[in-house]
Each structure stands twice: as C-alpha cells, then as structure tokens.
There are 2 protein chains.
Amino acid sequence: MATEVEEILKRIQSHKGVIGVVVLNNDGVAIKSTLDAATTTQYAGLITQLADRARSMTREMDPNNDLTFLRVRSKKHEIFIAPGMIFFATLFAKYFVISNEDPK
Amino acid sequence: MATEVEEILKRIQSHKGVIGVVVLNNDGVAIKSTLDAATTTQYAGLITQLADRARSMTREMDPNNDLTFLRVRSKKHEIFIAPGMIFFATLFAKYFVISNEDPK
C-alpha cells in the first residue's frame, strides 16, 4: 500500500504543471504530501470539508448515487479531488490539459 | 439578458447527454430550469451551498484567487457549476465527453 501511494505520488508529481500532491487518509489527515507542512494541513482541512459536502450533496440528490471525483478550478490553478481509499488532491497550473491527467 | 440566458440554455440542452440545465441568480434562486420544480428547488439549494463552500475555500487558500468553475462527478452523472453573473449547472450523462462541453 505504501509503495502504491508512493508510485501514484511520483507519477502525478512528474506531470508538467503539477504544483503539488497531497494524499489523505479516511480521517482527512495528510499521510503524504509534496507541499510544506503548514500548507498541507490547511489544504487537507479545507479539501476534506468540501469533499464531504460534495458527497452529501450527491447522496441527498439520489441515495443510490455517490461522489467519484471533484474538480475546483480557480483563476490560479485547479484542484483535483478523488475520494475513496486513496484520497488525493493535485493542484495543476492554469491552462493545464485536464483530460490527460484525469485519474479515472 | 433574458434572451442571452435563453440562448445559453438552449445551446447546452441541445447537447447529447445533457439531463438538465438550471440558471440561478446571485441569491441562489432558480430563474430558468429544464428540470421539474421540486428537483430545481432541491438542486439549487444544494449546489449553491457547495459552490459557496468552494469559493470560500479558494479564497481562504489565497485571498487573491477566486473560483471560476466547479465539477462534481458521481457514479450517475456530472454536474458543472459556473459561478458568476450567469450561474448555471448542467447535469451530463455518465461518460459524456467533458472537454467539448466546458463553457469556459
């Protein structure tokens, strides 16, 4: 498992335009990160809150549905959030070609 | 303005795989919708909450940054949320080709 996470991190981080990768456990605690400690803690908290809200929204709309992927685009970058066993967030540079990077 | 909204609605709705389109005003109230009234009201409330959270997350990470686009993919469909003057959400069928539909 640890090796698997390391490999995913390495693969994502190697892509052009990737600012950082954070891997969270089910409690929203960062277990791996390429960002500094303060940023990691702040982002982990904010992203977990948003992903929880997106998941509850999806289930409220349809109890048989579930969240699979969340993307937050801003003026400066894009955050990709994939909840599940390995929950990770990647921050891509603006204008990054999204379709090549979608882990689904 | 009304005509502009109508045209956007019509254009999006004509795309293959589009389930529905909802246009919200700045207060999160649906001003146009192709969904039934009950679904529109429920979705408008949930989507506004999520978009507000995504916007505050983006600004908390960086006060000079701002949300431009939000995508929520689930097992059954994908919701596209574009905040701004015309705030609209579209629900696409699963496996819909996203890159062709991104209004940005």
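Using N, Cα and C of the backbone, Cβ positions are placed for all residues, glycine too.
Remember, TrEMBL labels are computer predictions, not curated facts.
If you check TrEMBL, you get these features:
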type     : residues : note
DOMAIN   : A:5-92   : domain 'Roadblock/LAMTOR2'
TRANSMEM : A:79-98  : transmembrane segment
Integer mean pLDDT for the domain 'Roadblock/LAMTOR2' (A:5-92): 81
The domain 'Roadblock/LAMTOR2' (A:5-92): DSSP-derived helix, strand, coil residue counts: 34 helix, 31 strand, 23 coil
